[in-house]
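Novice: If you scroll down you'll find the structure; I have some questions about it.
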Protein chains: 4
Amino acid sequence: MAGNSFGKLFKLTTFGESHGEAIGGVIDGCPAGIKLDFELIQLEMDRRKPGQSKIVTQRKEPDTVEFYSGIFEGTTTGTPIGFVIKNTNQKSKDYSHIKDVYRPSHADYTYDKKYGVRDYRGGGRSSARETACRVVAGAIAKQFLSTLKINAFTSAVGTISLDKPYQDLDFNNIETNVVRCPDPVIAEKMIARIGEVKKQGDTIGGVITCVIQNVPAGLGEPVFDKLHAELGKAMLSINAVKGFEYGSGFEGSKMLGSAHNDRFNEDGSTQTNRSGGVQGGISNGMDIYFNVAFKPVATTLQKQDTINSTGETVEMQGKGRHDPCVVPRAVPIVEAMAALVIADYTLLRKQETN
Amino acid sequence: MAGNSFGKLFKLTTFGESHGEAIGGVIDGCPAGIKLDFELIQLEMDRRKPGQSKIVTQRKEPDTVEFYSGIFEGTTTGTPIGFVIKNTNQKSKDYSHIKDVYRPSHADYTYDKKYGVRDYRGGGRSSARETACRVVAGAIAKQFLSTLKINAFTSAVGTISLDKPYQDLDFNNIETNVVRCPDPVIAEKMIARIGEVKKQGDTIGGVITCVIQNVPAGLGEPVFDKLHAELGKAMLSINAVKGFEYGSGFEGSKMLGSAHNDRFNEDGSTQTNRSGGVQGGISNGMDIYFNVAFKPVATTLQKQDTINSTGETVEMQGKGRHDPCVVPRAVPIVEAMAALVIADYTLLRKQETN
Amino acid sequence: MAGNSFGKLFKLTTFGESHGEAIGGVIDGCPAGIKLDFELIQLEMDRRKPGQSKIVTQRKEPDTVEFYSGIFEGTTTGTPIGFVIKNTNQKSKDYSHIKDVYRPSHADYTYDKKYGVRDYRGGGRSSARETACRVVAGAIAKQFLSTLKINAFTSAVGTISLDKPYQDLDFNNIETNVVRCPDPVIAEKMIARIGEVKKQGDTIGGVITCVIQNVPAGLGEPVFDKLHAELGKAMLSINAVKGFEYGSGFEGSKMLGSAHNDRFNEDGSTQTNRSGGVQGGISNGMDIYFNVAFKPVATTLQKQDTINSTGETVEMQGKGRHDPCVVPRAVPIVEAMAALVIADYTLLRKQETN
Amino acid sequence: MAGNSFGKLFKLTTFGESHGEAIGGVIDGCPAGIKLDFELIQLEMDRRKPGQSKIVTQRKEPDTVEFYSGIFEGTTTGTPIGFVIKNTNQKSKDYSHIKDVYRPSHADYTYDKKYGVRDYRGGGRSSARETACRVVAGAIAKQFLSTLKINAFTSAVGTISLDKPYQDLDFNNIETNVVRCPDPVIAEKMIARIGEVKKQGDTIGGVITCVIQNVPAGLGEPVFDKLHAELGKAMLSINAVKGFEYGSGFEGSKMLGSAHNDRFNEDGSTQTNRSGGVQGGISNGMDIYFNVAFKPVATTLQKQDTINSTGETVEMQGKGRHDPCVVPRAVPIVEAMAALVIADYTLLRKQETN
């Protein structure tokens, strides 16, 4: 079914497999008149791209975006923005060894069950390569939302996690280290941990926290399209994500109402923000913040038993160049999806106000 | 904007405020030929309704459903099912004292900011009363999905939580106690805890776990409409929900890939199920299970300071009959939303297979 | 499938069969703050309702609308407007004689083929009774669009048609005669013709013209959701409609470009308006006008041969009280659907302008 | 707003301007396992492409399609099919003379009003060049619908029209002449007429008839998404279309019910087919047929007065190579849109049957 579009008015449709000729997408509904900074777009691509540091996959992909429409003399025209990213690093032969094998905790088995046809070259459509298209669209959404600040960062790698609330962190530090953790000391520990895991040919999970600031009050579409529900769906649609919580989250479920409620200041802001910037599915003008849990990458370089498409047990071993931890590269993806949700709800909001 | 519909092919649209004349909805896309058991529908309504036990609000609402269309001689006809639930317990005067007051951690403030008009009678549209309509639709979806088993239960109230995996629980115990926890011993502790909290005029949060069994492989629509992403949105759209995790969830983010991966059996099932029945956004035939975190109810019976619509600080005290803990009544709502998602994806699935 | 909703942002979902307990709908996305005139709504209902004159069916239905939500103290709140119209005139027994019969040129056969279940009481869902819900929503859309003028009228009954362009007609005359033709002389001929047809137990078709004035430039969403394409779909979704043309329409296809083009005045208006107020799918500020062709009502009171559900030939004769010509009662329906389209596109437009 | 997608389950999204680097699209929801014949796809492209005969524009565009995804080893995989058609014939300088000019009966004025930004190079997004993407998707939809026969043909050029019902025509003659009229004698007259018009630097309109055969009963989604309503929208979304009628169409509005009704045969087929294969918005298994009216192309080579963006009157003259009559090249576009509608409704249908 047609599940490759996201958003109602600011809408992204993506296509492409990890080992096809190209991936790409269409951004439909981007307002006209936005002067685009193409360097900023490429900068976001570079934050996601493989080979950027020693703790991510050493695969090389330039990930250059070709824009084919919707932009005239550097400015959006209001017509759909079509773009393509060529796959320069297919290496299909690398994958012949898994042609008939279902890799554990990958989508090989389920895609085969669903479609009855399998593009066995790497993850095909289920590969996180698709997220490069999300970053392109998110980078444009960010330029549309120029007054907002959207910052995601690595808050945990395995059991190593930030011990401070985000208010005590300096977001300027996020890009100063390869793991994208704003606390330099914790960052070093995270990097070391990923290094160990990599040496063992293993992988490790983690958590990304995202903070959206300067959001106007009034964004959100109850009752089913609540702002945090759409943010949750957006994050859960990212590869390897296992959980989402916003504001007080799972910890909030342990509290008493008298302790959990956010007191109002007379200007309508609140003294605490356990609501995470959203009440009743609508933004209240406070910071929106949430956590996204990522499982460890399923492809390890260790030997493991699995089955092939005829149901026989076979031994396999991950080859090639995989991420020991997906979290550092997922930071820009989380920001991109957040930007797409806020852009869409910003457009939806416009028709309610005169 | 039109955010009051859920689902693509099996689609629910709801309307109604807690203190209007009625709430109701339209179920569009329910297949023809389903012989409905109306007692089962009412049974689900009774699991959600107020006044059902000493640990929930003592407000009385019969919550009887009137069906107006889409059913002929007890069988669905394929045309939209329109239904209405009359509000028999409006008591609008109860609410005059909060006419101009923004209750802390409620939607009063955000609805006012968004719409500029406020139905101050109770929660209006933001009230959990709306969820009664979801339970009606979910009860019909369950009958369409008669081969599936969908069981939700209370797994935590505040810090009191189940210490066993769901496989070691007897789901037949869920309805044997008012808190809907399948472990009788833990259930007693939860009930006692809610009783204390209620005595203090306070409220408490909790967690609901949901397990969906006998799901066929192949449900899910990558890349944005992944099955778990839609389940997450469905749960996050329920009042008071702060978090969602499936399979290994947030705990999984602390693990190594070598420990996290689910080994295949030769029949395609897996020895462990950290994937939570979903790989790459598509069901794999194993149990789907997830946790949903609920914050404590914002309305306490204790005095608290807040502001009114002109920004003055005022003291308020919750009146009337509120839930000390929303979790027991939310169990059927979680099941209903799960049923709506699976029903919708079951229909979506049909067009991919010949 | 869920085909009972119309519109993207100003969205109507309807339910109900002609002989069920009630019909109704949900208007989702109507902006907040519109003070509603309920008499105007009932006035539109009365223009559509049966029994209003000697040339329409003598069936009696008060068609009173009960609003259940989305309106507080007479003003829209931005939440979904749920409404119900009780069926006071079911007379199900009237229909037992057609229980197993497929009436020629009705939807009995196709509904049975599609759903395998048939509500044989009259048209069931396929009855034009459903359009009463469209008139309710259209009447609210008109109040949202208070600066526009939407006038539909009967321009042909059988071969009797208006011979003047709409600019030469006085729309104040539309409601002065029962056939709703703004030319009193032609109106008399039409009424006489319908009278003859009725006496023969026969039915006759006709054409409705609709003119929308004061539409701002810029409404329309290329390339697939062109304004005139959505208007066409809206009109073709009305029972018994066989054709739609706008601006120069089918006549325009016979012309040369040099004669067809509309010259601009210096203010951007055009000297002629063969474009019908739409260029490239976007309104240009000129009048939007179009024609809608209605077939003759399929139910005649004459004997005809047909088949039953087992494929045997049977003789049948329409009973009860049917319209000899549907056109006079369809005038408010055409206006309602036009209002719904313009309301939706007006909301869509808002997010494109800053 | 996001108006560049068509279809619900078999969904096409297009992008691209006539003078940008490329046009293209994404086909999302095409079922897996369809072995594609790429020559057939190119054949459809060649039927639409410019320069194919002396009666169409002499502009040259190879219109070669590059597929980037969704196809593996020649077979669809169920993932989105992304494709691109490079614009090899931009000639932007050709258009400098109209940079500030609003061409009469073009979309220049309305796009400028709507978006406030104008890509003045030719029609930009409003150019019929976009329809090349529809033909790609339609060609794939046709292969999915291999049991259906979809034949469109030119039934009128100006006042020269076919005088026979489609049943008396040999569709094998359609491609035997450049105007695509199945009656060789009328075809000659049409070709001669277009030749005259071209010599005068003028343009002329026409009508295309489309016949869809072997459609199963049961396609269509009442009440708003009736099959003929969606077909109407699809056709009205094609550039230059002014009208749509199906079955008896506008002529049917002049008839009596007793003469218009289609008698059933005992097998459920009908003796006549004024219903045009659709009753109550659902296919009945008979041929679906409809007419589509095209206005004369707005760009003539004659001098005409118009205005520029500052509202001054200027004289302009169409340059370059334009179609004297768009109808011959629009025949495959009509077929493509018909195929997209039937493909989408075929998928929608699947979830209603067990």
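Including glycine, each Cβ sits where the backbone N, Cα and C put it.
Keep in mind that TrEMBL annotations are predicted by a computer and have not been checked by a curator.
From a predicted model like this one, the values you see are computed outputs, not experimental measurements.
Annotations per TrEMBL:
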type	residues	note
BINDING	C:Arg48, C:Lys54	NADP(+) binding site
BINDING	C:Arg125, C:Ser126, C:Ser127, C:Asn239, C:Ala240, C:Gly280, C:Lys295, C:Pro296, C:Val297, C:Ala298, C:Thr299, C:Arg321	FMN binding site
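Let's see these features in context: how buried, what's close, how far.
Specialist: All protein chains shown were included, and the count of other CB atoms within 10 Å of the CB of C:Lys54 (NADP(+) binding site) stands at 11.
A 10 Å cutoff on Cβ-Cβ distances gives C:Ala240 (FMN binding site) a total of 23 other Cβ atoms nearby, all chains included.
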Novice: Can you filter C:Arg48, C:Arg125, C:Lys295 (the binding-site residues) down to those whose Cβ is less than 8 Å from some Cβ in chain D?
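Specialist: It is C:Arg125, C:Lys295, listed by sequence.
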Novice: Rounded to a whole angstrom, what is the C-alpha distance between C:Arg48 (NADP(+) binding site) and C:Thr299 (FMN binding site)?
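Specialist: C:Arg48 (NADP(+) binding site) and C:Thr299 (FMN binding site) have their Cα atoms 19 Å apart.
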Novice: So if I draw a 10 Å sphere around the Cβ of C:Val297 (FMN binding site), how many other Cβ atoms end up inside it?
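Specialist: Taking every protein chain into account, the count is 27.
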Novice: By CA-CA distance, flag whichever of C:Arg125, C:Ser127, C:Ala240, C:Val297 among the binding-site residues is nearest to C:Lys54 (NADP(+) binding site).
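Specialist: Answer for the nearest of the binding-site residues: C:Val297.
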Novice: Near the Cβ of C:Ser127 (FMN binding site), how many other Cβ atoms are there if near means within 10 Å?
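Specialist: Total other Cβ atoms inside 10 Å, all chains included: 21.
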Novice: For C:Lys295 (FMN binding site), which residues of its chain lie six or more apart in sequence with Cβ-Cβ distance below 8 Å?
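Specialist: In sequence order, C:Ser105, C:Gly205, C:Ala240, C:Val241, C:Lys242 meet the Cβ cut-off.
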Novice: Against chain B, with Cβ pairs under 8 Å, which of the binding-site residues C:Arg48, C:Lys54, C:Arg125, C:Ser127, C:Ala240, C:Lys295 show up? Give them in sequence order, please.
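Specialist: Cβ contacts with B, in sequence order: C:Arg125.
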Novice: In the three-state scheme derived from DSSP, which category covers C:Arg125 (FMN binding site)?
Specialist: helix
Novice: Translate the DSSP assignment of C:Val297 (FMN binding site) into the three-state scheme.
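Specialist: Where C:Val297 (FMN binding site) sits, the three-state DSSP reduction gives coil.
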Novice: C:Arg125 (FMN binding site) has how many other Cβ neighbours within 10 Å of its own Cβ?
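Specialist: By my count, 27.
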